[in-house]
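Residues or ranges marked as active site, proton donor by TrEMBL: B:Lys224. Per TrEMBL, NADP(+) binding site is recorded for B:Gly7, B:Tyr8, B:Gly9, B:Gly10, B:Val11, B:Gly12. According to TrEMBL, the feature NADPH binding site maps to B:Lys124. TrEMBL lists B:Glu209 with the feature L-homoserine binding site. Under the heading domain 'Aspartate/homoserine dehydrogenase NAD-binding', TrEMBL lists B:7-145. Annotation source TrEMBL lists domain 'Homoserine dehydrogenase catalytic' at B:162-334.
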2 protein chains.
Amino acid sequence: MDLGIIGYGGVGKAFLKLLIEKEQYLISKGITLKIIFILKSNCGVYNPEGIDLKDLAEFSEEKSDLASYPVGGFDRVNLDHLLDNSDIDILVELTPTNIHTGEPALTHMKIALAKGIHVVTANKGPILLAYHELTELAEEKGVQLCIGCTTGGALPTINGGLIDLAGATITSIEGLLNGTTNFILKEMEEKELSYEEALKIAQRQGIAETDPSLDVDGWDTATKLLILTNVLMKTDEKLEDIKVEGISQITLEDIKKANIEGKKYKLIGKTVKTEEKIEIGVKLEKLDKNHPLYNVDGKNKGVKYTSDSLGDLTIIGGASGVIPAAASILRDIIILHRGYKILT
Amino acid sequence: MDLGIIGYGGVGKAFLKLLIEKEQYLISKGITLKIIFILKSNCGVYNPEGIDLKDLAEFSEEKSDLASYPVGGFDRVNLDHLLDNSDIDILVELTPTNIHTGEPALTHMKIALAKGIHVVTANKGPILLAYHELTELAEEKGVQLCIGCTTGGALPTINGGLIDLAGATITSIEGLLNGTTNFILKEMEEKELSYEEALKIAQRQGIAETDPSLDVDGWDTATKLLILTNVLMKTDEKLEDIKVEGISQITLEDIKKANIEGKKYKLIGKTVKTEEKIEIGVKLEKLDKNHPLYNVDGKNKGVKYTSDSLGDLTIIGGASGVIPAAASILRDIIILHRGYKILT
């Protein structure tokens with residue numbers, strides 16, 4: 001299959017490295033993936049025969065201006081023009097996420113789908129804002145929109161719900177979806193620190209951002225929960241429908257008290273859907289040690305689904321970083337290659 | 001899609017009920033499933049227009065001799081003959097398992113695959129004994145062999161490994177795959193019982209068989225682990241390659257000691273594969289409370305995979321009984337309907 005990539009940051013570069021590492025594996029599975037173009041905001045590389053990945057990866061280690069890459073480097077062109085002049089099967093959308101506008105990814109995805117090109121993306125913004133519009137467009141054009149990497153990265157939350165529970169109706173979703181807050185809670189518990197002290201450690205280690213509000217105020221969890229809810233329960237809820245609480249009010253005292261009861265605080269995003277109504281919220285919950293997410297500590301993540309005919313399913317994982325993120329892009333491409341129609 | 005079912009015991013009947021219950025759901029997904037025939041060892045029903053499921057389900061509640069069913073009931077016919085005279089897309093194989101010969105399911109599956117018919121099965125025996133032979137036959141004929149229900153039923157162990165970790169190489173499998181032993185261990189721990197006392201409770205509740213050896217001696221776990229290993233790691237190991245220990249030697253004293261250390265005993269099947277060698281074994285392990293399978297209690301089951309590029313993935317579930325088993329057959333049919341080629 002012929003791929004175009006848009007966005008060439010950490011995940012994009014890791015994706016190239018992964019394809020190089022997995023070359024033999026992919027050949028053994030009968031999968032041939034050629035990268036026809038890589039587009040950044042102001043430059044790119046185009047080669048209709050397929051870009052030499054090893055050579056470009058080496059080049060990229062030293063230089064970021066793809067325009068100066070000798071084989072097919074170019075200055076900024078328009079995606080529309082590039083798609084009209086290349087013949088790709090899949091657009092891999094990896095530009096930075098904007099959860100308020102979805103742009104520029106939303107436009108990229110619409111252009112590609114409208115031209116009958118499959119889209120594989122790690123980009124939360126457009127899925128959060130326009131999932132149903134995008135899937136309708138994809139269905140109309142007979143192509144697939146693969147979003148397995150948008151919620152939890154390597155953790156197969158979306159595919160787990162769509163494929164592992166195929167045929168069942170999901171009635172509740174409980175997600176421990178934010179590694180940063182989970183790390184902070186674990187630090188407080190293990191090292192007997194205050195919230196502020198644990199946050200500082202997370203920031204020093206690069207786990208929490210300088211402005212940690214998106215994570216610690218629960219909005220990252222809410223965003224991911226909303227995607228899971230709308231995709232798996234076929235709803236059209238909005239971020240403003242969710243009651244969101246963060247973790248910044250928790251004290252070491254609270255955590256110690258919970259521990260004495262044999263419980264742990266976790267930031268849980270939870271949706272419960274009945275025929276009459278839907279409730280979506282994010283808040284700190286004291287999990288009993290029998291809860292399957294009780295042990296999901298540190299940077300790990302997990303999700304628990306309740307379904308009608310297939311019972312409960314808990315999925316725990318959490319390899320984080322650019323390689324697992326790239327590997328989950330590759331996973332969606334392989335699922336697509338094997339003919340799976342995720343849109344139904 | 002047109003289906004033929006062979007075997008009409010608990011799961012077969014539950015499958016019919018599930019199709020009746022899920023009628024609207026399936027229509028909403030654009031999936032039409034018609035049952036063309038149901039074959040038992042000495043009778044069956046055949047209707048090229050599709051069997052009336054509600055009517056047959058009602059009939060089956062009172063009578064087991066399908067030959068007397070007014071619309072298309074017949075005495076024993078040969079599967080070969082039936083397949084030649086019907087036009088089905090999928091054979092659903094649900095006869096009782098025989099892990100020593102694989103029969104009669106193995107023959108049924110070979111006949112169907114050779115005729116270019118997809119096979120969906122819950123039957124461990126043939127997969128244990130002849131997985132590679134069957135997949136080669138399926139590949140040759142361009143059809144799929146779907147075995148998502150053979151190991152753990154509703155728990156998506158096989159599909160989890162094949163789909164959720166697509167593109168990654170699985171390097172270790174740890175499975176808590178037997179509900180009966182897990183129930184006995186939990187009873188011992190909670191009620192402070194001896195092994196013998198807990199076993200008797202499990203037998204009284206119908207959880208353990210009168211001859212419990214297959215479960216308590218570890219062979220059920222070994223069988224499931226072997227299927228996971230051969231399918232997900234592309235190996236060709238045999239049951240005799242596995243070192244198998246059961247749970248019958250454990251004392252309440254052992255369990256109490258482990259609890260004081262904050263640990264729990266679980267019967268774990270484990271495969272570790274490196275480039276040089278493979279190690280497969282089943283034994284009681286003391287799991288630390290940080291282990292993701294630590295909390296998998298009672299009749300629940302779980303599996304933990306370690307992979308190269310997608311990290312660790314733990315899947316926990318365990319709805320047991322005929323409805324979840326039937327639902328996992330339906331899951332494989334839907335995955336097939338969506339075009340997914342599981343064989344690669």
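Even glycines carry a Cβ here, placed using N, Cα and C.
Along the domain 'Aspartate/homoserine dehydrogenase NAD-binding' (B:7-145), the predicted structure has mean pLDDT 95. Of all the Cβ atoms in the protein chains shown, 23 others lie within 10 Å of the Cβ of B:Gly12 (NADP(+) binding site). Taking the centre of the Cβ atoms of B:Gly7, B:Tyr8, B:Gly9, B:Gly10, B:Val11, B:Gly12 as the NADP(+) site, the nearby residues of that chain (Cβ within 8 Å, site residues left out) are B:Lys13, B:Ala14, B:Phe15, B:Leu94, B:Val322.
When the Cα atoms are compared, B:Gly7 (NADP(+) binding site) and the residue listed as 'L-homoserine binding site' turn out to be 22 Å apart. Between B:Tyr8 (NADP(+) binding site) and B:Lys124 (NADPH binding site), the C-alpha separation comes to 17 Å. The residue listed as 'active site, proton donor' has its Cα within 10 Å of the Cα of none of the binding-site residues B:Gly9, B:Gly10, B:Val11, B:Gly12, B:Glu209. Between the CA atoms of B:Glu209 (L-homoserine binding site) and B:Gly12 (NADP(+) binding site) there is a gap of 21 Å, rounded to the nearest whole number.
Sequence-distant neighbours of B:Gly9 (NADP(+) binding site) (same chain, 6+ apart, CB under 8 A from its CB) are B:Leu94, B:Pro96. Sequence-distant contacts of B:Val11 (NADP(+) binding site), defined by Cβ-Cβ distance under 8 angstroms and a gap of at least six in the same chain, are B:Leu94, B:Ala122, B:Val322, B:Ala325, B:Ala326, B:Ile329. DSSP assigns B:Lys224 (active site, proton donor) to a helical segment in the three-state reduction.
Between the CA atoms of B:Gly10 (NADP(+) binding site) and B:Lys124 (NADPH binding site) there is a gap of 16 Å, rounded to the nearest whole number. Residue counts for the domain 'Aspartate/homoserine dehydrogenase NAD-binding' (B:7-145) under DSSP, helix first, then strand, then coil, are 65 helix, 22 strand, 52 coil. Cα to Cα, B:Gly12 (NADP(+) binding site) and B:Lys124 (NADPH binding site) are separated by 16 Å.
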